Amino acid sequence: MNPRRKSRLKVVVSIIFGVAVAAGLTLYALSQNIDLFYTPSEIVNGKNDDPDQKPEVGQRIRVGGMVVEGSVKRDDKTLKVEFEANDIGPSITVEYEGILPDLFREGQGIVAQGVLIEPTRLKATEVLAKHDENYMPPELGDKLKEQHGAAGISEADLKGTSARDKAEIERTLKTLQGEAN
């Protein structure tokens, strides 16, 4: 092999090696920050009811569920809170020390991120309160009403209950009934 080919080969091998090392380090860093999402039922029973797919104690996970009514226990001297979270099945205990979100309350959906310290106990580092899809901050709602009013769109139009909407529904129903006969 002539010296020119050797130098090219060294450059190509060095580039491939560098890309492989960079990809490996990137994947390692990402794996350290991946928090798998589970429901309380999946923590207790395993994903797809497979006991081999339960999260391990010490694993960082995210849990989504509903706060069980009457389960919130607060420490009077600190910001420590403990509550039960469930979905349609068994519940798990979530420990959290910090200020809870304003929307946090019993019966409300939450997502907690933390470390599983026992098979059904999570020490959360972050608790997020979920709200339904109809929630809208008041400021945004007021702004939209202003814009819709200026465009000639009424509240009834937004809700689908205006006379125009009702007439359209009736026409559609008549058309469907005519096709069925």
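Glycine too: its Cβ is placed from the backbone N, Cα and C atoms.
Features of the protein shown, as given by Swiss-Prot:
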type	residues	note
TOPO_DOM	1-8	topological domain 'Cytoplasmic'
TRANSMEM	9-29	transmembrane segment
TOPO_DOM	30-181	topological domain 'Periplasmic'
BINDING	HIS131, TYR135	heme binding site
COMPBIAS	135-148	compositional bias 'Basic and acidic residues'
REGION	135-166	region 'Disordered'
COMPBIAS	156-166	compositional bias 'Basic and acidic residues'
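Residues of the same chain that sit 6 or more residues outside the topological domain 'Cytoplasmic' (1-8) yet have a Cβ under 8 Å from a Cβ within it are not found. Averaged across the topological domain 'Periplasmic' (30-181), pLDDT in this predicted model comes to 82.
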